[in-house]
Every structure is written in structure tokens, then in C-alpha cells.
Ligand code: ADP
């Protein structure tokens, strides 16, 4: 197609025999002396920048002229070329006619940018053209490239305007909206030394490549050869760009380049690519298999040839030639076939248009995820910064938090918001470096690594790739795998990522990487430097309620093909599920239970004869609904309400309530975090943080021996050093406290004690259980119960101070989840607590303390029962 256009252009310049030129001739007759023939002869004009001086960097912008802006949906055109343009905007056409009539027949012609969201490799002009006529003023201006052509109108017939390009110009400002009129500055080539060896050698190479290209296109060769030798450097570069048949954007780059040497280099690249494409062999294959295969590969390249890097095209050509030589049944043939399959399936230069619209992003984030206001705000900031920078590349967001809090779901939403394809790689599932770096091509089963597989799957070169579980790196994996993942994330390295399967570098610099981790402390240090951590703590019951109702239940019901009117899961049942079955920070288990419930419902409805054909779902009201509440234990076939006939069908609405929940999900599971309604003597509740999020835990002091002077403390063997130290200190503090409160009580002096700390807490060796330990010891010594539903957290020092602890949000959520009514936090954590959302803090009596006496008063206040 493009070549036909170029042919027309060249015919216009070179001969008087084609339609366009006849058209021009007619215009000449009509318009008399208005056609300046010297302006249309290639190579006759002054070469702006030619100079004996070395290149001067200054651009020569002559400010001030106002011109009508004419959008060009197709290839830009270059000084010296004619171009007929169809003008569909009546106002613009009228204005052009007017200026032509007033002997001011000049216009600025500007290439239309591809519409955002379209694939540049596929935009042929018609797509760019599609909406451009609806745009006005600033909107239209934004869709035009700034650098265009100063053109003279040679004539107008109907809606076709014939132009000749005079020179380059740049839009400086908008003057009028409709028709779009702009102020422009004329651009001249930068001065260069025409005797310079490098520029002469480059122009020589351009000429010889141009001739090679023309040798493959005899119809153009006849017309163009004469211009190659006569053209000056800058014109030669323009001519080469047109002959190369390159797409809009690449020609525009040549147009915008004012450094003539650089322009020649750009053109040379385009011409070489054009040569490589022409070399792709038209096989005459001896077998059907070969014919089909080569046709498949060629077809894949068809829409995308211009985007494929030169070195890749060369490899493809070599491999296609090899394919021809091998027997179709040989191993080599299969290897080459596989290689070509990968080479031609990758999305070379295909990008989705990044969307930085923060309002749209907010909508998408809300659509996909409930709550998480602070996380969403951070993401919107990230997108807004991306908008200003023009890219979101370079910074790596890492979402941390326990399983099921929505880290992956958030990553998926960011991809949707940015209009990038989504792909996730689970680090936990990686076993060796080849999974990232690919296998060397040594046999038929060799494959590239995950990243290349990702590009092939998503079909764009700028997806969002979620590296799931970066904290699992380093622990389970060899160093080389860790550093391979690190190279992937490193903007310095990933532009030249080498997969062993290919050998040549693949550009991953446009991929946006996002990571997730359960435990930040386990993320290798090298990764942490590059990341911006965003933590997600978990959800309280009412948040889970929203998530399950508005997201999980809806998506599961739809996935099972069940209509809303066929089922009801009551609020009470959901709350029971949340509180009694799913003691987790996130909603992973909850999702599994909902799936279990809906699979069973599907079966029940299936036994009633409900079909899940969409046709039925499309006819609401066909089902006659009746609630059966507690009847699910009965065999549904016993129900008298089932009346099936040709005309009507009565379907029992399946209702899941507390009474029948266990039929669907079994009995509630034991909650190790909430064993006691009232803790017995010697037991105090603390708050901890583990990889699964915040949790409550019971610290239990027991007497193992009694006797004069036997006072001692035994600790579990698996306790970490920090916790051991904390327990020893707690013993001393409890002893001195008891002496103050009950001077005659010799319990600690005469008792050998054992302090039990649950296993899951011992995995996190930290001192925040200090105050809880003191309280449990005192409770045992004084035989007093600790206040009901009280949780204590805080580090204690020998000097009696209470130091701040971490994970306030996670611990508060865990406390709420386990029915805690009162929490004691260190005073220094007040700010952390105050910053929490109201729904997280709701219903809690929270005390902030800086002295153990305050804890003592709350835990063992006057109204506290004794355990004697
Ligand atoms: P993670 O990556 O943290 O383990 P996922 O993103 O896989 O968690 O979430 C597990 C499930 O819970 C997914 O179906 C997800 O959509 C859902 N989910 C988690 N958090 C939310 C939320 N805030 N709103 C809606 N759905 C959520």
C-alpha cells in the first residue's frame, strides 16, 4: 500500500503521465502562474545547512508566521514532494480555498499521531484518521506532531488539495481553534561540513543501499535513480526515508531530525531494514509442511516488520534459509522451526498505550478492590508521577502483607488502570536459573525463560509483570537465581536482557515490574534498595464482610453460572464464616469457603433440574422462587414444592444460614488464637506479628516446683535469644513488682516456674511480649485473673520504661478479630494508633502507657476476680 503511495508521489515528480500529475496540470491551467515549478524539482533547492563549518548546535527557528494546520493521516511528506490531500473538514476546506483565492496559498501540514490505545504497528492511517475529523482546537493540536511541513497549495478540486512541500516547520502556539490555525517557526538544517569524511561515507552508504533497494523494485528504479546522484545530503536522507517504505512514526523521526548526519544515519537504518525484509525468501518448498510453516512465519511478520530490530530480522532470515535446507523430518528442522516460532511470535516493538488517567485508575482500583484507601492513594500518586515523567518505569512498587490481603489483585488492577497487559511470575515456583534466563538451544525441548514466555503470552513489549513472593528468593534459591531476578528488575541491565535461548539482547526496559512479599525482612537487601514498600495489613470483620459480599460472592456466583435469585447467603452466615472459620488476616480461606458453598449450591440446583444455560439466565423471573431456609438437610427431592411441568417450574431458592452453614463447609475450626473466654490464673494475652499477619497469643506461666529458695524460671528451648532475654527481665521485674504490691508474698522466691510461649510466636524473635510476660507471672504469683479480653503488647526495659513496638495496625486487626475489648499499647505508639482508620479502631478500649504500674492497674484493677 505504502509503495503505491510513494509511486504516485514519485510519478508526480518525475513524469507527466499519471493521474496525479494530470490533476496538477489541470490545476496549472486553472491557476496560471501560481505553480512554481522550481519548488517541486528534487535537488534544485538550496541545501540549508551545508557549510564549511563544523556542525553548529543551534536550531534556526524563525518565529511568527501563522498558518492553517492541515492534519495528515498518512506518511509525512518531505520538502520537494507533491502530495494530494483529501480535506474532510468543511471549515478547514473553506479556509484553504479562501487563502488560495487571496494569493496566500500556504499551509502547515502535520502528521496525525496514532490514537492513544491503538497499536502503532497496525495503525495504517485509517485508524488515525477515524476520529481526527471530530477533534477541534487544543484536542486536535494534541493529536498532531509538532514538526511538520510548510507547504504551498498548488490547486484545489472538490475536497482534494494538491500541495508541494517547501520546508520544515514547528508549531509554537495555537492561534485559532476552528479551523485550527497555528503560529509556526521555520526550521533549517544544522550547519555541517560537506567535505567531512564521515558524512560523505554515510551518504555513500545510503546511496548504495538505496540502489540495492531500488533493484528489488524495478518500477521505482526507473524513476528515482537519476535523483540519487544529484541529491544533496539532506535531500538524499529524505528521499531514502520515502523509498524505504517505513511507517509514519519512523518517517516523522527523519522529518524531525535537523542534524543532517543523524538524518542520514536514520535513513540508512530504515533502508537496511527494508533490504532485509525484501530478502525474506519466498520458499518453493518440497513439502506441504514447509509451505504452511514458512507462510505462517511470514504472516506473523507481516503486520509488524518495521518494528523488528535489524539484528533480529537478520537472524530470522538466516533461520528461514536454514529451514529450507533441512529435511522436514530432521531434528535440525524441528529445532529451527521452534526457534523461528519463538522469534516470530514475540511482540517486537508492539506496545500498549500507557494510560495515566488518575480518575479512571481510581475507578478501576475501586471496582476490583474494597477499602485499602491508603494503598490506592499511593498508587494514584505513582501514576500521577508517571504522567509527569512520561513513564512509570524505574521505580518498583512492592506490596507486602500476609497471604490473601489482595497484593496480586492490586497488581492486576494497576495493569488494567495503566492499560498494560498483566503477567505474574511466582518466585516460590522457580527451581533454577534457566527458568528466568532460558535454556541454551541444544535440543528440541529447549525453551526460553519466563520473561520471554511472558512477552509471547501477553503480545506486548510493555506488560506489567508481577514478581510474586520476592521474599522467597535467597532463602530457597541459589545466589545465581536471585541475581538473575535482580538483573531483570535493574533498569540498567534489563534493556539488554539476554535469554540463553536467543543469545541476542531483548529489550525489557519498557516492562513495568511490581513485586509482592509476605515478609519484608526476608527480601534480599539488594532488592530492597530498588523498591518502594507498600504494606497491606489485613482486614477487620466488617471489611471482610464487604469483600465477601461485593466481590468474592459475586465473582464465585457468576463463575458457577448461578443467578442471584436462586440463592441467598445470609449476613449471619457470612459473619459466622468470617469469625468462626477463617481466622486469617486476608481473605484467602474465605474465598475457598465461598467457592465450596457455591459448588454445593450448584449441585443442589442441578438436582432440582436447573440448567445453567445462559439462555435461562437471560430470562429472569422464569424461576418461581421459594425460600427453604433450614431445609437443606432434607433430601430436596422430598420437597412437595417441586413442581416440574412443561410450562412452569418451581425452584427452591437455596438459603444458607447459620443453621445449615456446617452442611456446606463442615464444623468450625479450632481457633488457637482465642482459646479462653476468661484467661485462667497465670495466663495473659499478648499481640504478635508473624508471616500470616497479626495474631493474639497466650503467655502462660506455670509452677513446676516449690520449695524454700527454689525460685527460678525455665523457658522453652526453641525460644530465640531476644525473647529469652525478655523473659528473664520479666521475671526480675515481676518479682520486684510483687514485692511492692504484696511485700509478704514469697511466691517467686520459692517457686520454679515455666513460662510457655506459643510456637508460632517464637518464630518471630522480638521483645514486644515483655509486658505480657510480666503480667502472666504476676497473675500466677498473686493468684489473680487478668482482666477479661485484655491484650497487652510492649517492650519493657530494666529501668521501668515501656518502649514502642511495631505492627500496630496488624496487631489491632488481630485483636479485633479475636474478640479483644481492651488493648494496652506503649505510649510511644499512640500516633501509629491514631492514624488507623476509624473502622479498624471501632469498639476498642485502648490504653497507652509508659510505666508498668499503669498496666498493673488495668490488668489487676480492684474489680478483678481472684483465682484463689
Ligand atoms: P495475595 O496476593 O495478597 O495473596 P490475592 O490478591 O491473591 O492476595 O487475593 C486473594 C483473593 O482475595 C482474590 O480473589 C482477591 O480478589 C480477593 N481480595 C483480596 N483483597 C481484596 C479486596 N480488598 N477487595 C476485593 N477482593 C479482595
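Each residue, glycine too, has its Cβ placed from N, Cα and C.
Keep in mind that this is a model prediction, so the values were computed, not measured.
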- Which stretch, out of 26-65, 66-105, is listed as region 'Disordered' by TrEMBL? 26-65
- Task: Using C-alpha atoms only, work out the spacing between residue 811 (active site) and residue 768 (active site) and round it to an integer in Å.
- Result: 11
- Tell me, how many other CB atoms lie within 10 A of the CB of residue 811 (active site), whichever protein chain they belong to? 29
- What average pLDDT does the predicted model assign to the domain 'Lon N-terminal' (67-275)? 81
